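One structure is given here, and the rest of the page talks about it.
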């Protein structure tokens, strides 16, 4: 994708990011999104769209992962504000992404990537469910998000699944340590995990 196309796709991302913030606001119970969050959503989504354009160029992967990014940013925003991941939004992302991947597998044809994506979705969701039941601290929203991220990462490779998962937890750990060290949050305060899992997955997709 040439620089002009990248700039154009980034501009599309900015518009999508602004609309994502508007849509996320409708799903919030407390109405905690303002102008700053909308600008941040637009800026972050623009950068991510540019990265996806650079990574994939024009094609089905760009469409699939750009749509995934829109859903993921919305989930991250809501989780950041309310520490809640709406299941309806996560499941919509799974259906959208799974449908796109299925159509591509039929068109190619070739089902290896699709089977790997489905397996990764099940493995990550099951792993997070085990963690939630055994250790606590994770909710059903985190388990569903793990399924969505597994689907997105698995379409790329198993190494992307591993990298995205490790990066997400590493980013969450670093953020928690920094916030505690600076006294920004109490030591026993709960923190949203979703934004860090989403960021880790997106970084792995861009770098795979």
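Placed from the backbone N, Cα and C atoms, the Cβ positions cover glycine too.
Looking at 63-81, 139-157, the range tied to transmembrane segment in TrEMBL is 63-81. Checking TrEMBL for transmembrane segment across the ranges 10-27, 190-207 points to 190-207.
Counting Cβ pairs under 8 Å to the transmembrane segment (63-81), the top-ranked stretch among 39-56, 87-106, 118-138, 158-178, 190-207 is 87-106. Same-chain residues lying 6 or more positions outside the transmembrane segment (190-207) and placing a CB less than 8 Å from one of its CB atoms are 48, 51-52, 55, 65, 69, 72-73, 75-76, 79-80, 83, 85, 137-138, 141-142, 145-146, 149, 152-153, 156, 160-161, 163-172, 175-176, 179. Remote same-chain residues near the transmembrane segment (39-56) are listed as 1, 5-7, 9-18, 20-21, 24, 62, 65-66, 69-70, 73, 77, 202, 205-206 (criterion: CB distance under 8 Å, separation of at least six residues from the stretch ends).
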